[in-house]
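As structure tokens, the structure follows; a few thoughts come after it.
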Amino acid sequence: MASERIQIVPSVLPCDFGALGSDLERLEDAGVDKIQFDVMDGHFVPNLTFGADVIKSSRKYSSLPFEAHLMIEAPENTLERYVDAGCDLVIVHAEATTHLHRTLNQIRGLGAKSAVALNPATPLCDIEYVLTSCDMVLIMTVNPGFGGQAYIAEMEPKIARLKEMLESLKLDIPIEVDGGISPKTVEGAARAGATHLVSGSSIFSSPLGLKAAVAELRELAETASK
Ligand SMILES: O=C(CO)[C@@H](O)[C@H](O)COP(=O)(O)O
């Protein structure tokens, strides 16, 4: 597990959707490691954002890996569109697909990396038998649907237990956390075992500016994870 390095992952939710390309260029200049596109359908979560076409049109503005966080019902019906749009990794929610094992392997079959996300209330036992079909696990530290929510610190024991599960299976895959990640919360998440840290409102609203805010999160997480 020690081989997984800290990655800072911006959520595009706070971006200016009318000028997404330039915001993506700003994020790459700021030193982020990959980009997370928060896809929301207004059914699985109350909010509605964008689909694969927006990601496809964004591809030319960044050389970084793209991941699609599918906060949508029945993601298995549309996986190919996100891979064709240029996503290197596709995240589906365990709560949103009937046949999770099949869906995760469908993503891999399309040539992308697969990941499963768990809402705060969903127990780790729901993914115990699909971890070998995952290239990453996302632990939500807010209830999905909106940016700017408060970090749920009660998820830290869940992160730590997941790290133990992965180590016992000798699976060297990252644990990503998403929701309320800021300089005040990142250390707790990293100390528990998270290595990929998704942040939206904190880095975009930081008085330090985007580049320094990304560097600050990275330094805090790296120190806490040692
Ligand atoms: O995906 C979600 C919620 O569904 C958000 O957690 C964003 O991805 C990050 O938002 P901040 O909490 O960092 O503002």
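Using the three backbone atoms N, Cα and C, a Cβ is placed for every residue, glycine included.
Note that TrEMBL annotation is computational and uncurated.
Bear in mind that the values here come from a model prediction, so they are computed numbers and not experimental data.
Listed in TrEMBL for this protein:
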BINDING   S11, H69, G145, F146, G147, G148, D178, G179, G180, G200, S201  substrate binding site
BINDING   D38, H69, D178  divalent metal cation binding site
ACT_SITE  D38  active site, proton acceptor
ACT_SITE  D178  active site, proton donor
For G145, G180, listed as binding-site residues, tell me which one has the smallest number of other Cβ atoms within 10 Å.
G145
Have a look around S201 (substrate binding site) and count the other CB atoms within 10 A of its CB, chains all included.
17
If the divalent metal cation site is taken as the center of the Cβ atoms of D38, H69, D178, which further residues of that chain fall within 8 Å of it by their Cβ?
S11, L13, Q36, F37, M71, I91, A117, L138, P144, V198
Which residues does D178 (substrate binding site) neighbour through Cβ under 8 Å, counting only same-chain ones at least six apart?
S11, Q36, H69, A117, L138, I139, M140, T141, V142, V198
Going by DSSP, is G180 (substrate binding site) sitting in a helix, a strand, or coil?
coil
Using DSSP reduced to three states, classify H69 (divalent metal cation binding site) as helix, strand or coil.
strand
So, three-state DSSP: helix, strand or coil for S201 (substrate binding site)?
helix
Within 10 Å of the Cβ of S11 (substrate binding site), how many other Cβ atoms can be counted across all chains shown?
22
Could you check what DSSP calls G147 (substrate binding site) once collapsed to helix, strand or coil?
coil
Cβ neighbours within the same chain of G147 (substrate binding site) - under 8 Å, at least six residues apart:
S11, L13, P14, D38, G200, S201
